[in-house]
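A short worksheet on the structure shown next.
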Amino acid sequence: MSDQPTPDAMTQSAEASSSDNLATRQIRIFDTTLRDGEQSPGASMNLAEKLEVASALVDLGVDIIEAGFPIASPGDFESVRQIATTVRGATICGLARCAEKDIDRAWEALKTAPQARIHVFLATSAIHREFKLRMTPDEIVERAVAGVRRAASHCDDVEFSPEDACRTEHDFLCRVVEAAIDAGATTINVPDTVGYTTPGEIYDRFKMLRDRVPNMDKAVLSTHCHDDLGMAVANSLAAVDAGAGQIECTINGIGERAGNAALEELVMAMKTRQDFYHCQTNINSKRLVPVSRLVSKTTGINVQRNKAIVGRNAFAHESGIHQDGMLKERTTYEIMSPEEVGFTKTDLVLGKHSGRAALADRAKQLGMTLTGEQLQEVFEAFKELADKKKEIYDGDIVALVQQKISETVAPEWTLVDYEVTSGKNQTPNVRVTLRRDDQEFTEQVAQGDGPIDAAFWAVEKITGIQVVCKDFRVRSATLGRDAIGEVNLEVEHEGKTYRGTGVSTDSVESTILAMLNAINRIVAGVASDPGELPQP
Ligand code: KIV
Ligand code: ZN
């Protein structure tokens, strides 16, 4: 059993409204990027990527990492197990339905973590009871209690979520919550599973729970909001205002459908408006931008330019009047400083004479801790790039590191060489050489609609894997005409979707690398589709 702190009375003791209680409360940040976030269509991550994100979350200062849903697939189990075994500095949590085999499997994956939490869930709303579970209210209470008891037999830290709680009748919700706490739940999470509630309504619901559930003081109340109506952050903050001591959220707000509440927005709202919320977290806000970049690169989900806190334009002032005001006094138009959330003043950092230590240090600043072997590989790629480009920007470094990380997906096929000739009114001619198991294979193709299409044909011919390209995006990772071009693509193979990323100063090479990354995922069976179980 792990040695867990009991629910902190301070997190619950707030007399609800921020305006009538000035004591600063500590709010626990429960990050579910690796579980609910990974349920974003196309966002699945491989083991190495999940480990990388988990250690960046520890550096960021999250209290709890929900590492996955161990029963969902062997891959999910293994990533929770490895995170529990190697990542230190946060509680590691695994999700389970209220079923013995789910809970035992979750514990099997978690048991090596010094601080482990089992998170069990069961739907409670009338719609879910009637149409999904076909269970009576009594049966729901019985199963919830059995699930919590089973989890509590493994570890002291047990979270219970009445799924679709925000559409559950008040009386029934109180009954289930009270029974779950009696059975041993130490955190009660109240999810707005379908993103339906409003700030006023969730405030009343949390207040109602605190007023009506007699043993509520024995557990931490937690909020978990989805963003279907664009209110996930506002709703989570309203729940905090009503006494929630834990917020469940994801980096960049990624997650099922429209996503979850965005961690960076919640944290900066509480920090910037401390005067209003009277709350604090353990988050080091300077790590927000690096972690946001890491998650965006790893999942292939871009952050919109105008995204609050971490978007590229979040601190850009275009209007002359604003610029003039800023020059006179920054606070005329800026409520936070870019440095406070981790934007650096200048991102022009390294050149061809920079050494390994400078590269490692810069990568760390950008949220990526490299092992000795990774550093060596990235450094070689960095030197090659520095020969082609005079100035190396942060974006170049992120792109190089991501390329190395994506190559950790069973690099069955690697690129040896390629040559392209193409022109207006001319059939493109592409010659590609790939390596697999120390053997080289070359294919010359004179067909296709342009050199990129021809490269696809050549790679398909050599690997014998046919794909349908569903999405193809090229963007420049940095500034300048010699910028690194990043290709992100999504392909379909035998009914499953796979993602691939490739970076190079040459767009044909980026395309071939992205294609090989996707093909290596096909070979390794790392699809981007949700797992085989119905996801919560
Ligand atoms: O949205 C939801 O209800 C969930 C639960 C499993 C907490 O993700
Ligand atoms: Zn959710």
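Each residue, glycine too, has its Cβ placed from N, Cα and C.
Among the features that TrEMBL reports, region 'Disordered' is placed at 1-21. Taken from TrEMBL, the feature domain 'Pyruvate carboxyltransferase' applies to 27-289. What TrEMBL records for Asp36, His224, His226, Asn260 is Mn(2+) binding site. The region 'Regulatory domain' annotation in TrEMBL covers 414-536.
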Would you report the average pLDDT that the model assigns to the region 'Regulatory domain' (414-536)?
81
Ranked by the number of other Cβ atoms within 10 Å of their own Cβ, which of the binding-site residues His224, His226 ranks first?
His224
I want the residues beyond Asp36, His224, His226, Asn260 whose C-beta is within 8 angstroms of the mean position of the Mn(2+) site's C-beta atoms, in chain order.
Thr32, Pro191, Asp192, Thr193, Cys225, Asp227, Ala232, Glu248, Cys249, Thr250, Gly255, Glu256, Gly259, Ala261
For Asn260 (Mn(2+) binding site), what is the tally of other C-beta atoms lying within 10 angstroms of its C-beta?
33
Sort the residues of the region 'Regulatory domain' (414-536) into helix, strand and coil with DSSP and give the three counts.
31 helix, 55 strand, 37 coil
From Asp36, His224, Asn260, which binding-site residues have a C-beta atom under 6 Å away from some atom of ligand 1?
Asp36, His224
Which ones in the same chain are close to Asp36 (Mn(2+) binding site), with CB under 8 Å and 6+ residues apart in sequence?
Glu66, His224, Glu248, Thr250, Gly255, Glu256, Asn260
Per DSSP (three-state), Asp36 (Mn(2+) binding site) is coil
